[in-house]
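Chemist: Before anything else, here's the structure in question.
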Amino acid sequence: MKDKFELVSKYSPQGDQPRAIEQLVAGLKKGLKHQTLLGATGTGKTFTVSNVIQEVNKPTLVMAHNKTLAGQLYSEFKEFFPNNAVEYFVSYYDYYQPEAYVPQSDTYIEKDASINDEIDKLRHSATAALFERRDVIIIASVSCIYGLGSPIEYGEMLVSLRVGMEISRDQLLRKLVDIQYDRNDIDFQRGRFRVRGDVVEIFPASRDEHCMRIEFFGDEIERIREVDALTGEIIGEREHVSIFPASHFVTRPDIMKKAIVNIKAELEDRLQVLRADNKLLEAQRLEQRTNYDLEMMEEMGYCSGIENYSRHLSLRPAGVTPYTLLDYFPDDFQMVIDESHVTMPQIRGMFNGDQARKQMLVDHGFRLPSALDNRPLRLEEFEKHINQIMFISATPGPYELEKNPDVIEQIIRPTGLLDPIVEIRPIQGQIDDLMDEINNRVEKNERVLITTLTKKMSEDLTNYLKEAGVKVQYLHSEVKTLERIEIIRDLRLGVYDVIVGINLLREGIDLPEVSLVAILDADKEGFLRSERSLIQTMGRAARNENGRVIMYADKMTDSMRNSIGETERRRKIQIEYNEKHGITPKTIKKEIRGIIAATSAADEREAVKQHDLSKMSKKERDVFIEGMEHEMKEAAKALDFERAAELRDALLEIKAEG
């Protein structure tokens, strides 16, 4: 079993990275449960964490607050650890519209999803790696706290094969069917097997290129070979191979029988309650739907939405903590929470959001109460899984600071870039003053971000600047994801010089061309003008050597004082380090596509605006459909189920028309 992490990099730790690494490692070796790394933007936090992982040498779970960030971290860790198992575990849905009921309009929306096969493969690869080795880093989104099948069943049902092992060909085939592999001699792909005489070829669920060829002599395995599934080329000989289940929700036939008995008993109890409350329509609906699911489970071994019966399938009592990816790790694993000021509130809030939606389905007879146990972890359940944890953030939140107030700092950027200079100017005459600043920046081919507090002020300011001849765009919450990507990209390209918005903290706004961030109404205390938000907003100017922040305010609030004090403190440390080491700050040069996940749809922006499908070319039509699919996913993410369902139906119509 491979168990040593090996960090590969042409860089060595610089600035205050060595001290941060040393402190984090010492804390972990001392047995500290919670540690926080306060790392300013662009200081190389991932490299620091990689050094810690190598030094401590334990299986590691790195959690991020969305798929995009998880993808970036996966690429970075893969580069740092090419000889170890760096795995990726995020939701495998490209699009996920959860089952929902809207009582106001009596609208039931069925679950609808499209599964990404590549991500499904990576999820299987991640769980398999945890059973086979210790040098494992799994990069996961918060979806890793959602219910997953039992790791005990998963481990016990794996099929272990060795050369010389006595097992008949037919016994092996039965075992493969039990772990949800399909026989298909023609269309051979992941999660399938094929048979040719005394040779069985198995395509593991965690692979997409190589399969295993098992050769029998009578009732004995004579040879095991790894084969290229496409070309048939022999990759190598194997003495032993483990075939993991093709689904994380594997259920043995004997357990399925018990589960069906328990589901029927729960259904009877629930029907009595509904009828006693005179909810006859709900009772009829529940009886019809559940009996249909039970028939499918008896005949086929599964049904649509089988995860809603997961508590019965694992024979757990009501309310018990569900199994998740965290249960697949060994007891001594360590956790890293990236952007913890965002990720921890997300972990805290996931249970409540999930329960509110499911409770509606239970109340109106769409689901049995046991569906409530197919859920994400509560915060206190998540905490019980923690062995040792490191929080990483430029602005740690109250949760992290409460767990361990002794924060480890990483302030120096390897590029020498400083935190921006912050100025406070009076509100009176702020627009004229802002115009002068914008003109100065435009002359130098630099960009400006302006943040306001209200939608009306953003709109009025944008219109005023447009009339004054400024190339400006307003970025508000109603701007769709694709459009947002285009606007940010166009700011970098110089189509716009200024972006006005309310919340400019969202991902994708770290732009090297931005040398000025203007904060209007900086003295109005609240979420968008809190100390943490102000530090994050000011950080948007930290990628440019001429970075500057102007706060327009008539009084100094505690949030302003603290955020300015923190920025000046960091700046002083950075200047001293640069002077001591002869470093001159230089603006980061980034490829336009490097910072933003630009898509083909963003390249075809004009085509998307054409709504007459009959006049579109195939390429334009494909782009239009892609744009609609993005909008549908965003609507589902925002819990706007009705809008997502409308878009889904419209897409089906368009696709049906050919």
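Even glycines carry a Cβ here, placed using N, Cα and C.
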Chemist: Please identify the range among 92-115, 116-139, 260-283, 476-499 that Swiss-Prot labels motif 'Beta-hairpin'.
Modeler: 92-115
Chemist: Within 8 Å of the Cβ centre of Gly39, Ala40, Thr41, Gly42, Thr43, Gly44, Lys45, Thr46, which other residues of the chain have their Cβ, at the recorded ATP site?
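Modeler: In sequence order, the nearby non-listed residues are Thr48, Ala394, Gln410, Arg413.
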Chemist: Look up Lys45 (ATP binding site) in the DSSP assignment and report helix, strand or coil.
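Modeler: Its secondary structure by DSSP: helix.
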Chemist: Mind looking up the mean pLDDT for the domain 'Helicase ATP-binding' (26-414) in the predicted model?
Modeler: 89
Chemist: Is it possible to get the count of other C-beta atoms within 10 angstroms of the C-beta of Gly44 (ATP binding site)?
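Modeler: Result for Gly44 (ATP binding site): 21 other Cβ atoms within 10 Å.
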Chemist: Return the count of C-beta atoms lying within 10 angstroms of the C-beta of Thr43 (ATP binding site), excluding that atom itself.
Modeler: 26
Chemist: With an 8 Å cut-off on Cβ-Cβ distance and a minimum sequence separation of at least 6, pull the same-chain contacts of Gly42 (ATP binding site), or say none.
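Modeler: Same-chain residues close to Gly42 (ATP binding site) (Cβ under 8 Å, separated by 6 or more) are Arg413, Thr415, Leu417, Ala542, Arg543, Ile588.
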Chemist: Counting all other Cβ atoms within 10 Å across every protein chain shown, which of the binding-site residues Gly39, Thr41 scores highest?
Modeler: Gly39
